[in-house]
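*Asks:* Below you'll find the structure I mean.
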Amino acid sequence: MAAAAAAEFRGQARLPRFAAPRRYELRLRPDLAACVFSGEASVAVDVSAPTRFLVLNAADLAVDRASIRFQGLAPAEVSVFEEDEILVLEFAGELPLGEGVLAMRFNGTLNDQMRGFYRSKYEYKGETKNMAVTQFESVDARRCFPCWDEPSFKAKFKLTLEVPSELVALSNMPIVNEKIAGPIKTVEYEESPVMSTYLVAIVVGLFDYIEGVTSEGNKVRVYTQVGKSNQGKFALDVGVKSLNLYKEFFDTPYPLPKLDMVAIPDFTNGAMENYGLVTYREIYLLFDEQSSSASTKQNVAITVAHELAHQWFGNLVTMEWWTHLWLNEGFATWMSYLAVDSFFPEWNIWTQFLDSTTSALKLDSLAESHPIEVEIHHASEIDSIFDSISYDKGASVIRMLQSYLGAERFQKALASYIKKYAYSNAKTEDLWAVLEEVSGEPVKNLMTTWTKKQGYPVIGAKLKGHDVELEQDQFLLDGSSDSGMWIVPITLGCNSHDMQKRFLLKHKFSDIKGINSQYDDQDRQNSGNFWIKLNIDETGFYRVKYDDELTTALRNALQMKKLSLMDKIGIVEDAHALSIAGKQTLSSLLHLLYACRDEDDFSVLSHINSVTSSVAKISIDATPELAGEIKQLFIKLLLPTAEKLGWDPKNSESHLDAMLRPVLLVGLVQLGHDKTISEGVRRFQIFFDDRNTSLLPPDTRKAAYLSVMHNVSSTNRSGYDALLKIYRESTEVEERLNVLGILSSCQDKDIVLESLNFIFTDEVRNQDAYLVLRSVIIDARETAWSWLKENWDRITKTFAASAILSDYVKSIVTLFTSKEKEAEISQFFATRTKPGFKRALKQSLENVRISARWVDGIRGEAELAQTVHDLLIKL
């Protein structure tokens with residue numbers, strides 16, 4: 001029974017500071033057949049204040065209490081508090097101040113939850129085998145060894161592994177010694193520099209590898225399953241280039257002797273930046289010229305560049321606590337685009353960055369959002385902040401700050417920050433202080449509202465004579481208003497991107513005098529001659545609401561191709577959000593989309609496609625009598641560019657055209673375009689008979705698979721069975737994910753249930769199951785909701801990771817658009833919510849309420865039917 005004195009450490013967000021680890025010596029023996037492991041830890045601990053206790057983290061471990069010693073002393077009491085995941089050692093008297101050694105033995109399970117020390121399955125010569133892998137971020141190192149499992153408790157690590165002789169055993173540092181004794185080898189690694197526990201990593205299994213070297217002589221390897229090493233070449237090239245670029249950018253060398261990147265078959269996240277041993281889901285590391293799509297190539301480049309940016313931003317300089325997670329993720333996201341833009345300028349990746357900004361603006365317009373810097377009260381809350389706020393809003397406000405300060409000053413300041421806090425921890429305020437020092441600008445004052453305050457502003461712009469009046473309010477998607485105040489870096493262009501006004505909006509109101517004094521009323525009304533655009537190239541994290549005259553002028557300018565790609569995206573996305581919030585009509589949004597009818601750019605059309613998809617879905621509930629015509633309108637909008645691109649890739653086409661083709665074809669299939677669906681089915685049948693046909697390359701397969709599912713039913717399931725056959729026969733990860741991602745895109749209740757139940761079989765990896773739920777269409781939402789309720793207990797047992805549960809909740813709950821359904825869903829989860837997905841549930845329910853309100857608003861638009869008819873005739 002836990003001692004009463006030890007109970008004072010319960011329920012705390014963080015461990016006490018009176019003792020801290022300096023060096024861990026760990027010896028681990030994973031048994032891959034029995035899926036267990038045993039270990040010994042010897043930790044140099046610095047006791048800095050008088051205490052009788054040592055308090056550290058441990059979870060899902062059997063600690064041998066009799067083995068515990070600190071400087072030869074056995075504890076008088078050993079208390080384990082499972083809920084707090086802490087181990088409290090109480091000694092008879094006060095511990096001597098200074099450094100002492102804590103030793104203990106422990107055992108654990110190689111679990112199947114993709115966290116801590118776990119097992120992943122792979123095929124080798126037709127046989128299923130286990131590999132042992134670690135995933136410790138955020139708080140799962142404690143599932144592998146007892147430790148001070150917080151980012152600020154940095155220490156050195158000296159690891160030794162005992163593993164089967166034939167296997168490859170990797171850790172953060174290079175091997176310093178290896179001894180083989182029959183079936184077991186003992187592998188000893190170099191001691192690491194100081195690092196946080198969440199970055200320690202181990203991988204044990206059968207692998208091939210390819211190797212490169214940086215300009216500084218650091219060895220870089222990509223490890224893959226046996227026989228797939230050629231698929232690691234692209235990632236290796238990006239990896240070496242990234243390390244070289246970051247060394248120059250931060251003016252600091254890569255800190256370790258080597259870097260390994262490993263493809264793991266079972267992996268919760270996209271990738272994990274473990275120091276010197278980066279682990280990846282296979283789809284984010286492997287690229288095959290023959291069997292991979294253009295989008296996979298781009299995703300691999302972005303992911304590798306992101307994880308390697310962490311080697312500086314996160315690993316060398318680490319956030320002090322999870323409140324400052326955005327320092328890791330926001331910067332790694334932003335840096336990855338900077339790197340990929342340098343390697344592949346033709347990808348126009350900064351325009352694509354607006355996908356991230358859009359995602360963050362959408363989430364941060366919810367009342368259930370959270371600030372970039374979010375207070376963490378318990379370890380169980382941490383996973384839920386690995387979201388679009390930490391990553392995408394974080395990266396977007398960094399882009400905004402860089403745009404305000406200028407690229408050169410910004411880079412110089414970041415290099416200073418990395419040098420100042422290397423091998424240490426930092427808070428957000430530490431970064432602002434360095435940026436202020438280098439730039440001379442009041443960075444902390446400017447940025448505090450953006451990181452400590454939830455949400456962002458909408459800037460209202462009104463034309464008054466020759467002046468423009470600006471007003472800021474918090475933008476909320478539910479249409480409510482909040483008089484929030486930010487210091488907003490405003491950029492404004494009048495009839496040109498070259499003539500920009502730049503200033504800080506520090507108050508609720510501001511007037512810009514004489515902005516259009518050279519234009520009379522007649523000029524202003526002439527098509528395209530006069531326009532004003534705020535937030536040039538969308539560098540600011542805010543939305544803009546223009547008055548009617550400025551809206552019309554921008555629409556004309558857009559039609560006359562006078563705006564940049566980024567500005568087009570910003571105008572479309574702002575109009576969509578304002579329509580949802582009831583601040584502008586859907587008719588106004590449709591007129592704007594019509595103005596984009598000649599668009600052929602990948603990024604702009606991707607955003608237009610997502611907006612048309614959103615409107616097509618809401619129209620089913622809001623105006624069922626108009627839904628068909630609205631779909632026809634959108635088909636006419638997308639079809640000209642889709643027909644120009646066709647189904648077959650051209651030899652000399654750009655990367656962006658290769659990316660655009662599947663976006664448009666999938667969009668047309670989802671809108672129900674008969675000709676595209678028929679062609680998709682035709683090509684699929686040829687492909688099914690001959691997998692090597694050139695008629696269905698990787699880029700267009702999803703469109704063809706969706707076309708097949710469009711016609712599937714319980715009485716006509718040959719297409720469904722053919723897709724399952726492809727899934728079962730393919731050895732390519734991307735191909736299998738393509739199939740999973742369309743299996744529920746069907747109106748037939750029995751087929752949808754069969755697909756949803758498929759995730760419980762051994763044929764679907766836990767990490768991939770969410771794809772089946774994401775593909776459920778509106779016609780099948782009641783079926784999916786009933787399935788979720790009936791299987792909830794099984795789901796929570798099978799998929800324990802909170803990120804996976806969050807995905808399940810979001811995928812199904814957000815399909816609904818009525819307050820009655822929101823109440824029903826709330827009631828179901830009232831007794832079933834856990835901290836890991838609580839935030840996702842609240843956000844999903846809020847989205848249902850927002851959709852219900854949008855439905856009501858659309859129903860009240862008297863002119864909508866006429867607008868749709870008029871635009872259909874024009875197109």
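Cβ from N, Cα, C; glycine included.
Where the annotation comes from TrEMBL, it is an automatic prediction and has not been curated.
Per TrEMBL, active site, proton acceptor is recorded for Glu307. Taken from TrEMBL, the feature Zn(2+) binding site applies to His306, His310, Glu329. The domain 'Aminopeptidase N-like N-terminal' annotation in TrEMBL covers 21-199. Residues annotated as domain 'Peptidase M1 membrane alanine aminopeptidase' in TrEMBL: 234-450. Here TrEMBL flags 531-849 as domain 'ERAP1-like C-terminal'. Marked as site 'Transition state stabilizer' by TrEMBL: Tyr391.
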*Asks:* With an 8 Å cut-off on Cβ-Cβ distance and a minimum sequence separation of at least 6, pull the same-chain contacts of His306 (Zn(2+) binding site), or say none.
*Replies:* Ala271, Glu273, Ala332, Thr333, Met335, Ser336
*Asks:* Tyr391 (site 'Transition state stabilizer') to His310 (Zn(2+) binding site): how many Å between their Cα atoms?
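*Replies:* Between the Cα atoms of Tyr391 (site 'Transition state stabilizer') and His310 (Zn(2+) binding site), the distance comes to 13 Å.
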*Asks:* Can you count the other CB atoms that lie within 10 A of the CB of the residue listed as 'active site, proton acceptor'?
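*Replies:* Counting Cβ neighbours of the residue listed as 'active site, proton acceptor' within 10 Å gives 27.
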*Asks:* Return the residues near Glu329 (Zn(2+) binding site), defined as same-chain residues 6+ apart in sequence whose C-beta is under 8 angstroms from its C-beta, sorted by sequence, else 'none'.
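*Replies:* Residues satisfying the criterion: Phe386, Ser390, Tyr391, Gly394, Ala395.
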*Asks:* Taking 8 Å from the centroid of the Cβ atoms of His306, His310, Glu329 as the cut-off, which other residues in that chain fall inside it around the Zn(2+) site?
*Replies:* Glu273, Glu307, Ala309, Phe313, Gly314, Asn328, Phe331, Ala332, Thr333, Met335, Ser336, Tyr391
*Asks:* How many other Cβ atoms are found within 10 Å of the Cβ atom of Tyr391 (site 'Transition state stabilizer'), counting all protein chains shown?
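*Replies:* Here the count is 23.
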*Asks:* Just counting, how many other CB atoms are there within 10 A of the CB of His310 (Zn(2+) binding site)?
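*Replies:* His310 (Zn(2+) binding site): 25 neighbouring Cβ atoms within 10 Å.
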